[in-house]
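The structure appears below as structure tokens.
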Amino acid sequence: MPAGSNEPDGVLSYQRPDEEAVVDQGGTSTILNIHYEKEELEGHRTLYVGVRMPLGRQSHRHHRTHGQKHRRRGGRGKGASQGEEGLEALAHDTPSQRVQFILGTEEDEEHVPHELFTELDEICMKEGEDAEWKETARWLKFEEDVEDGGERWSKPYVATLSLHSLFELRSCLINGSVLLDMRASSIEEISDLILDQQELLRDLSDSVRVKVREALLKKHHHQNERRRNNLIPIVRSFAEVGKKQSDPHSMDRDGQTVSPQSATNLEVKNGVNCEHSPVDLSKVDLHFMKKIPTGAEASNVLVGEVDTLDRPIVAFVRLSPAVLLSGLTEVPIPTRFLFILLGPVGKGQQYHEIGRSMATIMTDEIFHDVAYKAKERDDLLAGIDEFLDQVTVLPPGEWDPSIRIEPPKNVPSQEKRKMPGVPNGNVCHIEPEPHGGHSGPELERTGRLFGGLVLDVKRKAPWYWSDYRDALSLQCLASFLFLYCACMSPVITFGGLLGEATEGRISAIESLFGASMTGIAYSLFAGQPLTILGSTGPVLVFEKILFKFCKDYALSYLSLRALIGLWTAFLCIVLVATDASSLVCYITRFTEEAFASLICIIFIYEAIEKLIHLAETYPIHMHSQLDHLSLYYCRCVLPENPNNHTLQYWKDHNILAAEVNWANLTVSECQEMHGEFMGSACGHHGPYTPDVLFWSCILFFATFIVSSTLKTFKTSRYFPTRVRSMVSDFAVFLTIFTMVVLDFLIGVPSPKLQVPNVFKPTRDDRGWFINPIGPNPWWTVIAAIIPALLCTILIFMDQQITAVIINRKEHKLKKGCGYHLDLLMVAVMLGVCSIMGLPWFVAATVLSITHVNSLKLESECSAPGEQPKFLGIREQRVTGLMIFVLMGCSVFMTAVLKFIPMPVLYGVFLYMGVSSLQGIQFFDRLKLFGMPAKHQPDFIYLRHVPLRKVHLFTLVQLTCLVLLWVIKASPAAIVFPMMVLALVFVRKVMDLCFSKRELSWLDDLMPESKKKKLDDAKKKEEEEAEKMLDIGGDKFPLESRKLLSSPGKSSSFRCDPSEINISDEMPKTTVWKALSINSGNTKEKSPFN
């Protein structure tokens, strides 16, 4: 550090009534004002020379005016010798250690770090010219510059600084004034305090002082204050629609009306508003104000040229408390920091780069905290040195500094810079946390009957009412409308298939009623209401097998089914009572992704399959001869060989086939009377209908493409943020509405959604309640246990795997989960549905994932250039509740629902399947097979696991997925849940092929036995004890519960030669020596030559 200052050894105390600023002489003092003593380290409080401290009794405080100068007198006794001893120890501290010590100090109310908005203003005062401060750049997270034309802001970009300007900034802080915790309420007072301090450091003539003060009090012109009178309103782009322009009658942030500014309020003195003038909202960019976090403070960087100066005036000021200085900052927030650099004319670009450096490091997370907690100049220098210790240097011959670097999508965490024992920014090898992906109190076995269920209820009860309050959002309305349409079609389709399999004993109306009743109960009382219940393929296979068995052995299907359902419900309740859901911790990412991928692929496959099957009803008339179009016909004729069903129909309705004029019948009349269609223009089920299949394909793919496009509209560059967010939230609903209107206008008879319009059982020979025994023999009560066991496994696996996927840590759920409570609700409603002869419903994976994705929360207040942060999921019960309430009311809405084309719903299925695949690591790894190594994405697991092991893991997972698909598509689909359970054992076997470290990166670690846990814990404690013995130096705990080597003489020996102290090495550089020489020259020389 450059020495050689001839300034007096003392501390100036600027005082007003009840106000005092801590002034640090820095380079002007011959003593470094810092002591690291044992007692102070233990208490995390440091005694600084220059600050009045009570010693034994309260000292009397003298009050002085700004212009008075006071120098402390006194000898250097014992305290001074202790300071020298501390200095010797300090010389061996790295900047990182000093910063850790500063950040470890206790916080008080006046030094709590806030978010900062930094503004760079520049001025050039020359004789005879009227100058004003002009805003040239601003920082909220990234740098934005006023473009050369002065009409617009640049895109946010990552600031690139020259190392030379950083060295110059450090020199400024060493040789300039540092005033910490200044108490002032106006820019005039701040200017007087700064100039008073400058008079102690150098001789300022009255004319220079007046000129500098005049410069500091000049008016500030901000970019948003451009003339609006010349702007024609129609010229405003659509991107500004929705942005609030400045309005004197606007509401302020607290909701209070700000009245128009009166003439007296607009009086200015020396270009600055009076002390008590209110904020003039006509000069505030309210749209940009929304991006500033609540409670943020301002950091003003003022640099410029003044022709009367022969050497620079530098000052760093921290106000306490922060003060709202009207007209100084672009937005009306209180100012906490000021950095002032005024120098001779001719070096404006140099001052600009120093100002950019100051503003940029103020946005640095670590230096930002240091600036708030600094007690003196050396703390700020330690912060800059630590910043320099972490910077990355770009070779001058390989990079153009004028290129603006786009802000990264994800900003790396700076927590590693707060970790002790990591010298020079070298990050130690970080191992992933060795616990499983679902560890938590929800899955701990209590050992008590229904213990897990009781804990689930206690965990969810405090959040119950908030589950309804949190639903007051347009996002929930969009989610509800989208998922209602998405849930209706599979429920009705499942009911139709079930009706075909059971000869109408359970059909569409029962499916609709069962889904509505089960969904409402689950949404009201389940532990995780984000899960959506639906029908599953294995359940349909089970129903088919059971119906065939009952038909072969002359048993009542509905009665036996009711018994099996009751036994299944009872067994599920037993699983709840025994905390069996704790076994979920064995379901790792390997099993989750295989199961979720299969369900997503099934959604995609079935959507395309249903579209293809439309060709059977609406065939394509291929190889048409255009010259013979006039000869095409399709007529209704008498069946040549009527079957018994047709003859019985004619007999029941007294129809004489020979007397019917078949050729004159309409299509519907011909079908009703069991006639046949004959002719070259006939299809499978009647006359050929042109264009239907192709129009259905258009609707199908258009729905998928438009939904996907509108969903990503949130990240586009068009329209304001609020409009983009709303379009993105309502993407699927808007798509369905658009396609329905388009289909109605085109008029092509596409297949429509068929909803039952009467609320009664499908068959007249059954009611809404089923006798569990009925006509069946008594032994069926006991025999029903066997298929109930299989059903229990089916229900448990489907429900819990979906619950695990929804409750993953990546979703940042805050209200906890309830595996036991979820399973209880499914079991109870399964029993109710069995008694009422309704289908069984369990958690639907794709619908649940889609529900969660539609409720994602992102930060609204994001800095320009910063990607919105994912905050979590809007956890509430209302969307699921309304989906199933409206589903139950669908019977009375057939007049509207009949207009929805089925291809549109198939397109929604395709969209849900594809969108649910996003974020599944298995598909990311699958794509690696077709990529050369140099083009592969920078996935974190590729850094730590060999590529061949990654491919092996993916192949095993792919093989399991193919096996699951084969079983699912075969008649043996009823054992599908057993195969999903087998995946857990396959994953356990993989422990033999992969190391624990590799699996921790590719998958979640499976729980180990209690004995092995104890052995591992004991071994870890022994290793840590040996490590502590090998490391020298005293250790003491910080508030962050980390260990930091106390600064002392013992740290002077460094066993690692690569560990350097940048504060020691910097003075050895030629650049720093040149700066030091210049700063030590006479007053005529500038330190920036």
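Counting starts with 1 at the first residue shown.
For all residues, glycine too, the Cβ spot is worked out from N, Cα and C.
Listed in Swiss-Prot as the disulfide partner of Cys682, from the options Cys585, Cys600, Cys634, is Cys634. Noted from Swiss-Prot: of Asn644, Asn1061, the annotation N-linked glycosylation site belongs to Asn644. For Cys670, the partner cysteine in a disulfide bond according to Swiss-Prot, taken from Cys636, Cys697, is Cys636. Of the listed disulfide-bonded residues Cys634, Cys636, Cys670, Cys682, the Cβ environment within 10 Å is emptiest of other Cβ atoms at Cys634.
In the three-state DSSP classification, Cys682 (disulfide bond) falls within a strand.
When pLDDT is averaged over the topological domain 'Cytoplasmic' (798-822), the result is 81.
Long-range contacts of the transmembrane segment (594-614) within the same chain: residues 537, 692-693, 696-697, 700, 751, 801, 805, 845-846, 849, 902-903, 906-907, 909-910, 912-914, 916-917, 920, 922-923, 957, 960-961, 964-965, 968, 980, 983, each at least 6 residues beyond the stretch ends and with a Cβ under 8 Å from a Cβ of the stretch. Note on proximity: among Cys634, Cys636, Cys670, Cys682, the disulfide-bonded residues of the record, the Cα nearest Asn644 (N-linked glycosylation site) is that of Cys670. The recorded stretches the transmembrane segment (880-900) and the transmembrane segment (686-706) do not share 3+ CB pairs below 8 A when only pairs 6 or more apart in sequence are counted, and are therefore not in contact. Contact counts against the transmembrane segment (961-981), taken as Cβ pairs under 8 Å, peak for 777-797 among the stretches 477-497, 506-526, 564-584, 777-797, 823-843. Following the DSSP three-state reduction, the secondary structure of Cys670 (disulfide bond) is helix.
Around the Cβ of Asn644 (N-linked glycosylation site), the number of neighbouring Cβ atoms within 10 Å comes to 7. Taking residue pairs at least 6 apart in sequence, the transmembrane segment (686-706) and the transmembrane segment (777-797) share fewer than three C-beta contacts under 8 angstroms. Note on the topological domain 'Extracellular' (924-960): DSSP counts are 29 helix, 0 strand, 8 coil.
In three-state terms derived from DSSP, Asn644 (N-linked glycosylation site) belongs to a helical segment.
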